[in-house]
Each structure stands twice: as C-alpha cells, then as structure tokens.
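Lifted from Swiss-Prot, the feature list:
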- Glu93, Glu97: Mg(2+) binding site (BINDING)
- 37-199: domain 'Nudix hydrolase' (DOMAIN)
- 77-99: motif 'Nudix box' (MOTIF)
- 1-7: transit peptide (TRANSIT)
Amino acid sequence: MILSQRRMLSSKQLIENLIRYKFHKTPYTRSSIWPFKRNSAVIILLFIGMKGELRVLLTKRSRTLRSFSGDVSFPGGKADYFQETFESVARREAEEEIGLPHDPEVLHKEFGMKLDNLVMDMPCYLSRTFLSVKPMVCFLYKDKLEKHEDKYKVPLDIRKFFGKLNPGETSSLFSVPLNDLVIHLLPEADEDVKSYQAEYFERKEYKLNWGGIKWLIMHYHFHVANNNEMPWLQTIEDLSSSDEDGVDGGIFRFRDLWGLTCKILFDVSCIANGLMDEKLKGELGHEDLIVGLHDYGNQMQPNGRSEWEIGMINGDRNLKYSDVIPEYYMKHLLECRSLW
C-alpha cells in the first residue's frame, strides 16, 4: 500500500511509493498511444543529494535544436525503429546526451554505480509538437556501500562521473529536489514541512486554453548558482550562454522548469509523496487525447505533421481539437477532466 502523505517522507519512503505505484492497465494498443515516428521516451533519473534528499537530474536543451530549444528537459528522444522499446529509447538517448552508460556492466565497472528501474508503467504524455512521450523513473546509486539501506541515505558521491554534454543537444546538466514540486501541497502543520526550504525562488501556475482544452501550466524558477548542487555536477562546463537563461532582478541567472517536463515531474512527485488518489491517477498522462488524435482524428501519423498540427504548434487560435476529433469523443475527453 502506498503511504499517504500526512508528513514529509524520507527518501526511502518516496522511492518505495514509486516502486509500489501501478498505473491502471491501458485499454489501448501500443500503436494508438505511442505511434511510430511520433513516439519518444525520457528517463527521470533520481539520486540522493547532499542532505539526504531525493533529487532529479535535468538537462537544458541546446539553442541549436529545432524544437524546445533552450528548455529544461529530461534526457530522452525519439524511437529509431518500429519495434524499439521505450526503455531502449530512453537509455540510448541518455547515453548520447549525457553519457549515462546503457550497459550496466560499464556503469558498474567503470563508474561504480548501479541503476534501478522504479516505475516502468507511467502513461504517455502529449507534447506541444504532437509527440507521444513515455517516461521511465530510475534510481542511481553507488554500488559499494556498507549496508543496502545506505543507498537511500548516502549522497551520491561520484569521483568519476559519466556525465558529458553533447553540444548539439545539451547545454547544461543540473538537479533539483523532487519534493520542491509539491512542497506547497504538503500539510503546513508538519514540522519538517515548516522548516523545508525549497530551492526554487518563484513558483507560478495558470490555465491556458490550447485548442479548446484548458491546460494547467506550471513554472518553477531555480537560480543557476546553487550551493545545494552536487559537486560532481558543478564540474561539468555549462555551455549555455547568459542570454539563454532568465535573469532574476537583472542580476541572477535562473532556469525555468515548466511545460511538459514540469508536468511529468510534478506527477512523479505526487506519486512519491502519496498525493495521487484514484481520481488523480485516472488523470495521469494524455493517452485518451492521443488516441482521439491518432485513431479518430487521423493526426500523429508517420508521414509528417498535418496542416492542422502545424497550425496548432504555431498557436493558431482559430484551430481546435474538435476540428479533427469527433464530437462524441471530444465530449468523452471533456467529461474525463476539466484541466489537462
């Protein structure tokens, strides 16, 4: 049973909740929710920080990329061939982007680390460029510890780090605490919550109408200079220029965690903290919408983006999901949830 959130949980408890989590089995086929040439996967890489907190590794996309340039994201990318699994996609792309070895023997022998898969059945999410994004959640830790329990407590101290940037794809690597995403939802009466100091300096959210559907948009702003950052991450050269980051008060550079990356990470943090009841679990991901687009709307097809998709991506306010999805199915989507 997943622990309910009545107090701030330890990193071990957060991980145990993630391991226990089971997404309801999707009634859809793989080709409907993860259609070829529109399918991508990302890896959510968790590890123990300097204060024993659970942190997540994030990247900043290169400005040279055509889509989501300069955005904060997870390591990941698109599938190369039809039968490629989402795990293979995420691990292959993570090796290309940040140097995370796909081979567990290499990770063990050369870097002294192990990687546990925690959640492998997260639902698919829809990106603004009409890709189906499948996340996997993993935990990275040192493999030579005195006790098994230490992997949940001992900070990930890396003397030889695999991390390297692919200048064409990634401009920087950094991390944030997983609990930062939901600390505002935890009970203020709890002493640990009262004393908790989030690393973001600003959080905001608003509703955005995109295609006749309301979307919850969240932003978390983190200063680039962070005393809580892991030393081994600080040794990696930041290839991003100062004009790629936001500037707080005209002085301090910051990174903006928002969009789909923020949505997925928020959901993972909710699961870890036991904040995901059955209703919210049913609202995870965007599989119903992806099916509506692919199966009923003839969108997200392998032969390139449609004129409708291009218009939606470019923000044409005259376009709606109801232009391509049948009325009865749109009614079903809007009855499922009021906010996406």
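Every residue gets a Cβ built from N, Cα and C, even glycine.
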DSSP-derived helix, strand and coil totals, residue by residue, for the motif 'Nudix box' (77-99):
13 helix, 2 strand, 8 coil
Looking only at Cβ atoms, how many others are within 10 Å of the one on Glu97 (Mg(2+) binding site)?
24
Proximal but sequence-remote residues of the same chain as Glu93 (Mg(2+) binding site) (Cβ under 8 Å, at least 6 apart):
Ala41, Val42, Ile43, Pro75, Gly76, Gly77
